[in-house]
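Record features (TrEMBL):
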ACT_SITE  E266  active site, proton donor
ACT_SITE  D399  active site
DISULFID  C462-C494  disulfide bond
ACT_SITE  E508  active site, proton donor
ACT_SITE  E533  active site
BINDING   T619  Ca(2+) binding site
Amino acid sequence: MTTPALLPLSGRRIPPLNLGPPSFPHHRATLRLSEKFILLLILSAFITLCFGAFFFLPDSSKHKRFDLGLEDVLIPHVDAGKGAKDPGVFLIHGPDEHRHREEEERLRNKIRADHEKALEEAKEKLRKSREEIRAEIQTEKNKVAQAMKTKETRVLPPVPVPQRVGVSGGDPEDAEIRKKRDKIKEMMKHAWDNYRTYGWGHNELRPIARKGHSTNIFGSSQMGATIVDALDTLYIMGLHDEFMDGQRWIEDNLDFSVNSEVSVFEVNIRFIGGLLAAYYLSGEEIFKTKAVQLAEKLLPAFNTPTGIPWAMVNLKSGVGRNWGWASAGSSILAEFGTLHMEFVHLSYLTGDLTYYNKVMHIRKLLQKMERPNGLYPNYLNPRTGRWGQYHTSVGGLGDSFYEYLLKAWLMSDKTDHEARRMYDDAVEAIEKHLIKKSRGGLVFIGEWKNGHLERKMGHLACFAGGMFALGADGSRKDKAGHYLELGAEIARTCHESYDRTALKLGPESFKFDGAVEAVAVRQAEKYYILRPEVIETYWYLWRFTHDPRYRQWGWEAALAIEKSCRVSGGFSGVKDVYSPTPAHDDVQQSFFLAETLKYLYLLFSGDDLLPLDHWVFNTEAHPLPVLRLANTTLSGNPAVR
C-alpha cells in the first residue's frame, strides 16, 4: 500500500483494497432454466423429506429418548468425590419409558401426516401451468417486499428527547477569535459547496478531478457519506440552507436495501452516529427513522459463534466476513469495540434491548479474557474467541475502543461504573507498558508487538491527549492532575510532529529512534489526509485549561490546511508533508467535514456550544446527549441507566 487512498481513512484502521465482486454473463435462457429448476426443487425437497425422516427418526435400540417438554430438566452431572462439573454428562429427570414410547409414536404419526400433506402440495404444484407458478412466485415476492417495507416503516415508540442544551451559538466575545471562527465556517462552506456541485450523492469528492469518489468501506453504492457525516457540522455552524439540502437528499435517496458490502464500524460511526446526532440537534424524525433502518441491516454481522461481529456485512444478504489481512480472519478491537455509544442510543430510542445486549455481550466476553500485561491485543477471532496476533496499539486498530470505554461512562451520566473500571485498568496498563519519553523529552505512545515496544506513534494515536484530559475527572487515586498533564504532553508531542514538517501538517506516523524524534522515516508514512486527531486534542485541552497555546496551535493547523490542502474544487490530502510543494491525493474525506472542521470551529467558540456535561462526541465527532435517568421512560432498561 503506497497510495494514501488505500491507507487508513477514519476511525483508526487500515482497509484493504476492494477488488469488487465478480461479474457474470446474463442470457435469455436463464428464465427457462429457472422454471425447470423450481419444479426440480419441489420434487427434490419432497424426496429428501421422505427419505430423511426415516434416517433421523429416533432408534430405541441405540439411544435413550426423553420428552422435551418444560417439565424436563437437564442437570449437569456432579462427581461427588471431586465436586467438579462434567459438562458432557447429564442426569435426565422426566416421564417414564412408557410415556417415551407414546411420545415417539405421536411424533411418527405427525411426520407421516406432514409427508402426506407435502405430497399433496407437490402434486398440486405439478398440475399448475407455467403462468400459474410464475404468478405464485411473484405473489410470494410481493409479500416479502411488503413485510420488509412494513418493518422499515414501523412506528417507533415515543421517548423523551434529552434537553437540547447549547446546540447553537457559542459566539466568542473577542473579535479576533470571532474572525477566526468565521474563517473556519467559510472553509466548511467551500468544502460543502464543491461536494454539492461535483460529488452530490456520492460518498466523497475528488476535488481536483471534480467528480464523486468512494472507497470499499462504503461498498459499491452511492450512500452520500459526506452528506450524512457533515449534517451536524452544518447545523451547529448555522448553515441551515445547506443542512436542509442534506435532509431532503436523505429523505428522497438514502436507501439501505442495496446489494453492497460495507464496513460495520465505519457505517456505524459515520452514518448511524451522524443520523442520530442530526436527530438530536434538529428534532427531525427522519434521521431517527433512517438510523434505525440502517442498524437493523448491521445486526446480521453479529451472527458469529462468539457474538463478536464481522468487520463487513452485505446490507442486502446479511452475509458477513472479515478483512483478509487481519491476523488469520480476526475481528479488530477498534472496530467491534466502537459500537457502544450508538447502540445504546438505538435501544433508548426504539425500546429494543437487542442493540444494548449486543454491545454488552462484547464487553462481558472481553472481561473474561486474559490480557497479556493487562493490554488488549488488536485482533480477536470471532469463531474461536481467542486473541490473534499480540499487537497492542492506542493508534490504528485499537484506539477508539479505549475512547468508548470512557465515553460509555460519561454518556451514562457517570453511572456505568463497569465501563469506567475497564477504562482505568486499560489506561494504567498503557501508561506502564506503552508510554515513554524520548531523549529530547517528548512523551509518546508506542506500540507493543510480540513482547517488543516499537518506538513509533501514529497520527491516529494523537487523539489520546484529549482522551486523557476528558477522563482526568473521576480517575483513580486522585490523579486528575496527572492525567491532565499527560494529555498536555501528548498534545505537545503531536504539535511537534506538525511543526517539524515543511507544510506544518503532521505525517501519518512518526518515530523516536535515536536522533530521530517526531519525524516520519518511511515515504509511505509522510502523507496527511485531512485527519482531525491532533486538533481534537487541542480542543479538549482548550476546554479544560483555556491555555491560549491550544488556540494558537489550532490556528496554525487551520492556516496550513488552507495553504496546502485547499484547491478550487474543495480540499485534498497531501502525499508528503516534508515536501515544500504539496502533491495532492485528490480526496476530500468525509471526516474532514465531520471532524476536522467541526473541532476547529468549536476551538474558536465559547464553551456554551455543545457543553461537555450535556454532550458526548462519538469517534467521528458526532455529539450524542448524556442519557440521564430523568430523561427516560424505559424503567428497568439498563441501557439508559
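Placement of Cβ uses the backbone N, Cα and C atoms for every residue, glycine included.
Heads up, TrEMBL stuff is auto-annotated, nobody curated it.
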In sequence order, the recorded positions (E266, D399, C462, E508) whose C-alpha falls within 10 A of E533 (active site): C462
Alpha-carbon spacing, C494 (disulfide bond) to D399 (active site), which is rounded to whole Å: 16
Cα distance (Å, whole number) from D399 (active site) to T619 (Ca(2+) binding site): 10
Most crowded position, judged by CB atoms within 10 A, among E266, D399, E508, E533 as active-site residues: D399
Cα-to-Cα gap, C462 (disulfide bond) vs D399 (active site), nearest whole Å: 10
Greatest C-beta neighbour count within 10 angstroms, which of the disulfide-bonded residues C462, C494: C462
Between D399 (active site) and E508 (active site, proton donor): CA-CA distance (Å): 15
Euclidean distance between Cα atoms of D399 (active site) and E266 (active site, proton donor), Å: 14
